[in-house]
């Protein structure tokens, strides 16, 4: 080894010892005859001192070294002079008196300083990601990620799970997003797909009798990217046989409790709160509600069922709803206009509002409402002086979208969110299907392998043979799924379900989703075949590991907790991927670019 120990591990116990260290020059300062060189490696920093009086030749060479150059140093560890200690670092009581220094590799002038407090464009950061990763906060993030993976593996091993790798080159079975396709050289015209999840393989592992499986799974989805999306990402994936929803939830809570305790020294209160999908939508306008603050939606539909106000009347006649949010502050005209533009961006035609000043309700819509309606509305909202109310009247789906997002916007705007809090929540009792208006059909709310609730199996069998579209939609949207999502601070960090383990039920679900027998056999024939040979009841869950790490460490984007992330356009600025390939490579793959 070139070194005796790590730079950041040198402390009081090394006083009086000669050591050999290797690392980077974090900073270098010339104090006229004395060079102060802060050395750095993965464990931390250490101040080193080179005195001109001790070795002028070495001093004259070292004073020209640049920051971030790599050096090998030897010297004596001594106590720092009284009053110069640095309590912020482990080595803050000591320093290294340099007797020898060797430049292992010089650094050119950096495109940006290695400093957490400097604002750097993300484009520049990702181009020089290896420099960006030297910054303390990203060193901490990647190290914490590594520790989290170890904790996760240890946890599952202690609980009787097997870590089993599933294939990367698989059959294309789209699960919602587009697949990344890989052409086969040996089978011209045929393609592998990269897995969007290990879903089918982990179910087959349960059929194989392994009982408990887990994997730190790499997943790939060719989709439009946002701050919480990457084309390749990591999941903590697990599956269990002979279980019910409660069993999956308990193991999930235990894992999260272990991660939070060991990484953040935070003790989580379990079991986590549970809320049904219906309640989440009605109260918060979202199936992943942020429960760190109030501003719940209030239903006013019954109050305005006989109203003459055309906007509300039209909504009721079209089987819509009327809901409102109340805040304890009267906003300025400019703030109201900004919120109006915001909800218009979500598809709203406008934003109806009202306020209470000096005990009087005033609103642009007040003249269309009766005194009885206003009185009943204010009573339902428990409104008082200096309160403001925002309304939405439309189909339930649209109202929830508008008010759910408006609620979050108001929460941030009014500083109602406690950013130091971790609010966990299980959302349960999801519908099995939802209606896709564009395609005019039912689609799976989670995925087609989710088991329906036992009490709704007859509905599944009933609508398969129905031809009346409205009947199919009405019944289909009221079939419950044995699905569950885990939400943290308004972000879904994991989701799962009890799976279908009987072939006949799986075939019926495929039919409801307009997947023909031929298409099902072509895409999922291997699963249907496996379900014939004694498949046990089973279920599982997958955590979005990148997202979980970002939230635990206080980052807004998952890109900050991934060593080499892609941009929002799916490019790697470090390597230049994706890129063109040679004609020879394309020819071998029997591919022509047009």
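Cβ atoms here come from the backbone N, Cα and C positions, even for glycine.
Fair warning: this is a prediction, and the values are worked out from it, not measured in the lab.
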**Study point:** Segment assigned the feature region 'Aspartate' in Swiss-Prot (from 191-194, 195-198, 199-202, 203-206)
**Key:** 199-202
Check your understanding: Besides 221, 222, 223, 230, 544, 545, 546, 547, which of 163, 165, 282, 492 does Swiss-Prot list for that ATP site?
Key -> 492
**Study point:** Spatial neighbour of residue 492 (ATP binding site) that is closest, considering only the recorded positions 31, 83, 221, 446, 499 and their CA atoms
**Key:** 446
Check your understanding: Within the chain of residue 545 (ATP binding site), which residues six or more apart in sequence place their C-beta under 8 angstroms from its C-beta?
Key -> 148, 216, 233, 234, 235, 236
Study note, to complete from the structure: Minimal Cβ count within 10 Å, across the recorded positions 31, 221, 499, points to 31
Check your understanding: Per DSSP, how many helix, strand and coil residues does the region 'Aspartate' (199-202) have?
Key -> 4 helix, 0 strand, 0 coil
Check your understanding: Does residue 547 (ATP binding site) have same-chain partners at least 6 apart in sequence with Cβ under 8 Å from its own Cβ, and which are they?
Key -> 228, 491, 493, 558
Check your understanding: Distance between residue 83 (site 'Important for tRNA non-discrimination') and residue 221 (L-aspartate binding site) at the Cα atoms, whole Å?
Key -> 56
